[in-house]
Amino acid sequence: MFHLLSVFIFFLFIDNSNSSNTFIALLDPLSKPSPFLSQKLWYSSIISSLPASSSSSSSIIHVYSAPIHGFSATLTPDQVKSIRKLPGVLSLFPDKVLHLHTTRSPSFLGLETPNPWMLNTSESNSIIGFIDTGIWPEHPSFSDHNLGPIPVHWKGQCESGFKFNHTNCNLKMIGARFFSGGYDAWFGQSGKPVKEFRSPRDSDGHGTHVASIAAGSPVPGSGFFGFAVGLARGMAPRARIAVYKVCWASGCLLSDVCKAFESAVTDGVDIISLSLGSSRLPFYLDLLSILSFRAFSHGIFIAASAGNEGPTLATVANVPPWITTVGAGTVDRDFPATIHLKNKVSILGTSITLMHDDILTRKYYPLHFAAKFNSSSGFNFSRQLIKGKIVFCRTEGHVARLSLGAVLKRARAIAMILSHGNIDPNGIVSEPHVIQTISIGALEGKVIEDYILYDENPMAKISSQGTISMHAKPAPIVASFSSRGPNSLVPGILKPDILAPGVNILGAWTDAIGPSGKALDFRRSRFNIMSGTSMACPHVSGAAALIKSTHPDWGPNEIKSALMTTSTIHKHYNYNRNKPFSPISDESTGNAATPFDIGSGHMLPIKAMDPGLVFGLEHQDYVNFLCELNYTKKQLQIVTGKKSHCSNDSTWQLNYPTVTVEAEKVWHGAVVVARKMTNANKGSSEYKAKVVGPKGYYKVDVKPKRLKFSGISDQSLSFRIVLEKESNMHEMKNLWFGALIWSEKRGKHKVKCPIMIFSAKEYSGE
């Protein structure tokens, strides 16, 4: 089946046109013929031996020597077929355009409270690589004040380009590169807007924003036009930054991303932060999955965004178990604003574009209902109808809302009221529109729509209450836009892995463009407020840098385990302090979130630095995991880069920090799950097992119920989890989730392993 799928996808890309397209060739370096002194000479000979093209000559765009081996080139269908037949060619991948996952976090996560971990200056030895849109190097968030020498394991460089040279790097931003060969080949001159910098300099803003979230230096008095004012700082403010610009005005080419991964691996980064999406193809057909596995095998922690296709089920991206996949939630800060209808009804919303003393607060303005927009709608307005009015718009699905605001601004509307529909049903997302805008929930939108339709002279005025921080509302709540599980490729691996702040996040911004990213936005701000799993991902990247600095001998598996097993499924604040903290809720339903929404839970970085126990994994474990997917030897080599062999151990299971089992299997008999934990602390300790979760459906037993660690360095102990249906259960429960919690007998550690039983048929997302 996998072979047929591979052939189908390949011919889907090459048989629909006689013109040339860009392809990425993956080769086995050990197959290089001996006469060639280098891989590049071998690749050049392959290109020169191809059948000639009548339209253009083929040439190599990129040569890859790590973590993959091969090259990218523009090829005709006939040339592609010829290359596939050559010895040493493992696979050919059509190049494609990828897009970024974007639409008061350190204090919310406890990183401004004094604690022993934050006094650790070795944080400055961690290097985070950002594969994104570049960086604005002069921003104060990238100051190297009080930073020591560059880590000795750094081998990278600072590349020069348009309005960027090596002096733009410093002890904070220690490296910067840019890659556009694939982009230029794909788009040609049409993809080169005048204002785009052919250098690591950021003309978009996204790369600057995410880098500051993860590792920005402290900047007092920060904010966005009077909103979110205070100290802005990254998760790991002393971590070093390495920039790999691959995203340009029309997107990010996969062939350029491959080159960025190569540089990040050879440069010596410890963490890669990736706010791009992989496909949902089998791993051997998805180059991002392959690249991330190869980088992971070099000891690099990979954090990637889950995607913004929620709340639909089975939409989560970046699902390989070697990637830490991050969903988006809210923080305890709000930007409240109020719509005052002339019929004396007040409607609450959120805004970061209204001023405290604004003309909109002084008098009523006419209201106009523009339309309901979806992803395929055009924005066509009559200036005569909307000039000088407050325009109400409703959107459904993924609509370019910032563009909608720009069109209304151009048509001389005075303000916009926006209801985001299922993408943001509660109206929690504030956006930096070029027109003054208030976002409201779906129910509130219906009230305004009815008022406009049934009142002869509908009018309104709008006021802002500024910023409310510190327990403004219970948080986190899972953002409706955050992509959901289950994992459509491997249902037994829970995705996303973890939840992090991704709604209304303040971060540094480029000086090249206004905060809305629109041409008619002449505002300039040192900071911007954005939402998306793109913003959640760098929170985890920064947390990983903190953990790596505390445990420099830990690899990516241990870091991931620490983040997941110490996470929480509860909100951080409860209005009624006499009641226990309530579960994290889902914005799209209003109900308690499930593991499909939050994975193991919302991250708690301080706890993750001292997890007690960790789930360990070795390279062979991932090979065995791929073997369990029935991969052929060639497919294994494509993913791992080696001629790998499957284990003969019939009892083997992937030692993942979560347990996910299909309900259909439990319904037909007991399912036994094996796991193993390693003591992360010195000295002896004893842990006792406790299972929490709803009663009356499934029975969960743990054997043994105690783990006794003798104090031997890196000692590991195994246990089994037995899942059965209750004897009096006459109908299958489609979704059940709880957790196994290992509590230290005479210590502070609690190690959580989420358990979920779900119906694969019911939750397939179809």
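From the backbone N, Cα and C atoms, a Cβ is placed for every residue, glycine too.
Please treat TrEMBL annotations as automatic predictions, because they have not gone through curation.
As recorded in TrEMBL:
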type	residues	note
SIGNAL	1-19	signal peptide
DOMAIN	23-101	domain 'Inhibitor I9'
DOMAIN	125-577	domain 'Peptidase S8/S53'
ACT_SITE	Asp132	active site, charge relay system
ACT_SITE	His206	active site, charge relay system
ACT_SITE	Ser534	active site, charge relay system
DOMAIN	653-757	domain 'Subtilisin-like protease fibronectin type-III'
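Summarising the environment of Ser534 (active site, charge relay system), the number of other Cβ atoms within 10 Å of its Cβ, over all protein chains shown, is 28. When Cβ atoms from all protein chains are considered, those within 10 Å of His206 (active site, charge relay system) total 26, not counting its own. Listed in sequence order, Leu100, His206, Gly207, Val210, Ala211, Val243, Tyr244, Lys245, Val246, Cys247, Ser273, Ser275 are the same-chain residues six or more apart from Asp132 (active site, charge relay system) with CB atoms under 8 A from its CB.
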